[in-house]
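Have a look at the structure below, then the notes.
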Amino acid sequence: MMDLLLEAFKEFFILENLLLIPLALIAGQILGAIPGMSSIMAIAIVIPFTYGLSPVTAVTLLMSFYKGGLSGGSIASILIGTPGTAAAAATSLDGYPLAKEGKAGKALETAQIASALGSLFSDILLISIIGFMAQIALNMTSPELLLIVVFAMLTVGSFTAGNPIKGFASALLGIFFSLLGPDPTTGLPRYSFGVLELEAKLDIVPVLLGVLALSEVFYEVYYKKMQSKEGHLPVPKNKSDGRMTWQDFKDTGPTTFQSSVIGAFIGMMPGLGPTIGAFLSHSAAKRTAKDPEKLGKGSLSGVAAAEAGNNAVAGANLVPLFSFGIPGDAEAALVLSALMLHGLTVGPQLFVSDGPLVYGIFISLIVADIVLIFLGLYMVRYFAKPLTKISTRYLYPTVIILMLAGTFGVTRSMFGLMVLVAFGLIGFVMKMNGFSVPAFIIGFILGAPLEGWLQRSYVMVKNDASILLKPSFIITALILIGIAIFMKKVSKKSVPE
């Protein structure tokens with residue numbers, strides 16, 4: 001184990017990684033603080049530019065963007081009452097009332113500390129249990145893995161769309177597009193419709209950029225959410241209103257820990273994500289608070305609960321990804337796509353073939369959390385207000401240029417740009433009609449492995465149908481049923497009052 005850790009430290013501790021972490025955190029916070037932007041859009045844009053990086057550096061860059069975006073979303077929520085990201089919506093319940101009392105600085109610092117601590121707890125949990133989870137996955141057969149993949153798609157579809165039927169349809173559409181290209185058994189092209197370029201598989205980069213990032217630009221422009229509103233907030237009445245004090249830290253500490261546990265658990269469940277983690281943590285804090293009537297009207301504990309809850313999802317959502325090769329949400333799917341760009345097959349086998357690489361990634365997560373504590377405090381003290389006044393009117397053209405450049409850099413063809421625009425329009429239509437983009441993405445990424453597991457499972461069951469009655473298969477099915485029931489209850493409790 002010691003040799004593995006030493007190799008992992010060698011993988012991570014290079015100048016490139018140490019420089020990229022603060023830069024990516026800053027960029028993520030800037031984008032997260034701007035209403036209309038999102039952390040998903042940010043990391044989707046970055047993916048093409050990770051092509052020439054090492055796998056550890058690529059994931060370090062993406063996860064630092066993600067962590068920065070989640071923590072940055074609280075800035076707009078607190079200062080102007082408009083969440084920079086959906087995950088920060090719960091933060092505005094208490095953050096904005098505090099800002100109107102002249103306590104914006106206190107609320108911002110509380111949010112940053114809770115964000116970093118929630119993320120740190122989640123990453124420590126990830127490192128603690130991932131080896132055990134991967135060992136379980138290594139001992140699973142194809143029918144059991146097929147069951148888990150189908151479960152993941154169904155739950156993501158169910159919980160990321162208002163209508164479960166639309167969520168399932170989104171996942172099926174993603175699977176269909178993943179099947180374009182050569183048949184894995186015969187090698188013959190399928191569903192190419194006579195288009196030569198479709199005889200090869202669709203490149204993952206333009207598909208992801210189109211359906212996640214370009215569609216968001218189309219959606220925001222369509223609704224003319226091109227300007228963030230400015231707020232005129234009262235100045236702090238005294239010095240302590242502008243800073244988080246040691247007493248504030250002690251008062252919010254238990255809530256931060258409780259919310260970190262809740263958020264981390266939510267992160268391991270496919271399809272729930274940081275928004276549900278934030279609202280569920282806020283609801284739990286209200287039930288356990290000494291003065292529950294204050295939460296939702298201007299409480300530091302409410303801010304800490306929401307921020308720790310949504311940031312604790314970040315590390316935990318990598319548990320199903322690295323243990324089973326199954327992304328639990330769109331962000332994890334983007335990390336998976338970056339590793340796929342480097343020719344890596346993500347799953348339990350990765351611990352056997354590239355153990356130092358995996359633990360090098362985990363070390364980068366811990367370092368990013370520690371940097372986020374200090375960097376987040378610095379950002380909210382000196383740059384918070386200007387960030388909320390940046391207009392997406394000027395950012396969106398830059399975003400589009402970056403998407404076009406990134407897509408052409410990876411695909412080296414005009415067809416790649418056409419795919420980008422086509423999937424941008426597909427994503428836009430899906431959002432307009434209440435379909436689930438995360439379910440589509442996970443269906444697209446897992447379509448190929450799903451087909452492989454389905455074929456192998458068919459052969460195994462055909463030869464011996466009693467495999468479906470083996471204890472391992474039955475236990476897996478019962479566990480998934482239990483998780484589904486739990487997730488249904490959790491999703492109902494997380495709906496804001």
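In case you wondered, yes, glycine gets a Cβ from its N, Cα and C as well.
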Range annotated as transmembrane segment - as stated in TrEMBL, picked from 330-350, 435-455: 435-455
The transmembrane segment (399-429) and the transmembrane segment (204-223) contact flag, 3+ Cβ pairs under 8 angstroms: yes
Outside the transmembrane segment (12-34), six or more residues from its ends: residues with CB under 8 Å to it: 41-42, 46, 53-54, 56-57, 60-61, 64-73, 75-76, 84-85, 88, 228, 360-361, 363-364, 367-368, 371-372, 375-376, 379, 384, 387-388, 390, 392, 395
Which of 113-133, 204-223, 357-378, 435-455 contacts the transmembrane segment (40-63) most, counting Cβ pairs under 8 Å: 204-223
Closest-packing stretch to the transmembrane segment (357-378), where packing means Cβ pairs under 8 Å, from 113-133, 204-223, 435-455: 113-133
